[in-house]
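Reviewing the structure listed below.
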Amino acid sequence: MCGLAGLFDLEHRRPIDETILHAMTRAIAHRGPDGEGFHLAPGVGLGHRRLAIIDPAGGHQPMFNEDGRIAIVFNGEIYGFRTLVTQLEARGHVFKTRCDTEVVIHAWEEWGPACVERLDGMFALALWDEAKQTLFLARDRLGKKPLYYAQLRTGELIFGSEMKALLQHPACPRVLDPTAIDDFLAFGYVPDPKSIYEGIEKLPAATTLTIQRGRKLPSPVTYWKPSFKSKPINEDAAVISLAEKLERAVEARRISDVPLGAFLSGGVDSSGVVALLAKRQGADPVKTFAIGFETGVDELPYARTMAERYGTDHTEERQTLSYLDAIDRQAAIFDEPFADSSSVPTLRVSELARRRVTVALSGDGGDELFAGYRRYRLFQTLDRVRTHVPQSMRTALLGPLGRAYPKLDNAPRWLRAKHTLLELASDSSHGWYRTVCKMSDELRCSLMSPALRASLDGYDPADTISQHWNEADASTALGRAQYVDLKTWLIGDILAKVDRASMAASLEVRVPMLDYHFVEWAASLPDELKIQNGQQKHILKRALEPLVPHENLYRPKTGFATDLADQMRREMPRLRQRLCSDAMQDSGLLDMQAVRSLLDRHESGKRDHAAPLWSLAMLEGFLRVVHGSAVQSPPKRAVERAA
């Protein structure tokens, strides 16, 4: 895993400012502590930071083809690259290293932009072809690795693995995008292709950007789109196929010339990955890592059960967790507002793993592929009601009832009907939007300043959901919801969290369940194999029953279980100070009286506003740490190198 940065003169061949290129590259030094490299040519500059995983001695970047006219900076891993080496050698290509990066250069020579269709892995890359005067940017199918870019008023295109690299350029735009702020308040992250700043974009997952000097900057081109159309399959056959395909995905991700381990929470997904990794690793114990906290649900016993069953070399640690103390570091790591509070423990477990390994496998992706979140089951149930009750009747009867119904956060779950009534009054697309929102439209509107509301000019974050909903190739509403999550939540939240948190610790994380072959197969499964008799991830659990203890498979889902709501009440004076800071008030984005009212309601215990308050806390951290100052590399604890 690595970091890349670069500049490209879109019109001319003016000399690149080396000082800026070096600053951009060093801003992401945490992504690659093992080396630094640069390539300069007329009107183009490439920078690279290396975390050595494959061929540590020979894989330095930028890397070049035989005559030096093609240069590449690459972040990620290509699995099964040796098969591509064999194919390319048969076509006359000569390789100088054992590194997967070199494969991309020769694949470009052979197939041009279509080369990405032959790459199986996680990656973001920038390739310069001197002969064609072409810059080629690409991102992997699922968006595991990030890539930002911006066209400047100076006529340059700048790009990098993280936004902090771009922000080192003095001409980089720093104007907040009001629609991105609205998106963040709605979802807890800024969905691709936007960033928090106007003019800075994320290259979408599964797209390429081929830029020729002297021509207008084109739009990204999509090279992969998963289908969620169900294909009939016998359940027993699906169990066998799932186990085989997941084992192949785990095996592909074992390739490494440095120490490798796995995260182990004791849940379904991480337990399955560890079980299959142990099966392939044989007598060499798998290094596993688990983290727990002094408050909240204790998951360490479940991780310990798996570790003992497979004789792993297990490291666990129980820590004290203060969310408010973590805000500044989180803001510096993510560069833009990011409100998934599980990013804090994800960073902690990454730091724990990095003491002993350089690569870790994780279980991310299982919930999205096999409908593991509770929201999928509820949505499926409500959509069955929608199909039997006309939209006009639902809107007329349930809409007013839902708006009038009180929000009973502390009541038994069966009494908390407000959200359900409003969702039933909506069509399926808008119902899913309501499901995934962290803040309702009404709450967001009440928190915004009049100036921010006016600047939105009618913008609606629901349009992001409906766009992906309408483009989905799916048989059912559940399939559409999963596709939308794959294009929004998975990329913008889950994978962004894993990438930034792990790379802040200089750790490479690989995700077997997001092997694109496995994703395509899982997406084709009928709904009843994902959710059966109320049991979510049904087929995955069945496939893992021979490998994982029953209590690990069928315990209630908790994620990183912590006590955020209670912690906020205990530390309310500090939280108030943050949310009413000069940075927040001077931004002019929020109605400060509405913010104080939100704090009061949460402190009283009558309402649980932990999620929106955490979003506001992370917005404040961004405004103060990133937007209000020069961006620096994320503060980083000393990393103890593996022996």
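Backbone N, Cα and C atoms are what each Cβ position is placed from, and that goes for glycine too.
Keep in mind it's a predicted model, so treat the numbers as computed, not measured.
These features come from TrEMBL:
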ACT_SITE  Cys2  active site, for GATase activity
BINDING   Asp100  L-glutamine binding site
BINDING   Ile291, Ser362, Gly363  ATP binding site
DOMAIN    2-214  domain 'Glutamine amidotransferase type-2'
SITE      Asp364  site 'Important for beta-aspartyl-AMP intermediate formation'
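Features recorded in TrEMBL, as mapped to the structure shown.
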| residue | record | contacts (Cβ under 8 Å, 6+ apart) |
| --- | --- | --- |
| Cys2 | active site, for GATase activity | Arg31, Gly32, His48, Arg49, Arg50, Leu51, Gln61, Val73, Phe74, Asn75, Gly76, Ser161 |
| Asp100 | L-glutamine binding site | Ile54, Glu77, Ile78, Phe81, Gly121 |
| Ile291 | ATP binding site | Glu316, Glu317, Arg318, Gln319, Pro345, Arg348, Val349, Leu352 |
| Ser362 | ATP binding site | Ala262, Phe263, Ser270, Val273, Val498, Val509, Arg510, Val511 |
| Gly363 | ATP binding site | Phe263, Ser265, Gly267, Val268, Asp269, Ser270, Ser271, Gly272, Val273, Val511, Met513 |
| Asp364 | site 'Important for beta-aspartyl-AMP intermediate formation' | Asp269, Ile494, Leu495, Val498, Val511, Met513, Leu514 |
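Reduced to three states, the DSSP call for Ser362 (ATP binding site) is coil. Per-residue pLDDT, averaged over the domain 'Glutamine amidotransferase type-2' (2-214), rounds to 95. Using the Cβ center of Ile291, Ser362, Gly363 for ATP, the list of other same-chain residues with Cβ within 8 Å runs, in sequence order, Ala262, Phe263, Leu264, Ser265, Ser270, Phe289, Thr346, Val349, Ala360, Asp364. Among Ile291, Ser362, Gly363, the residues given in the record as binding ATP, the maximal Cα to Cα distance rounds to 15 Å. Reduced to three states, the DSSP call for the residue listed as 'L-glutamine binding site' is helix.
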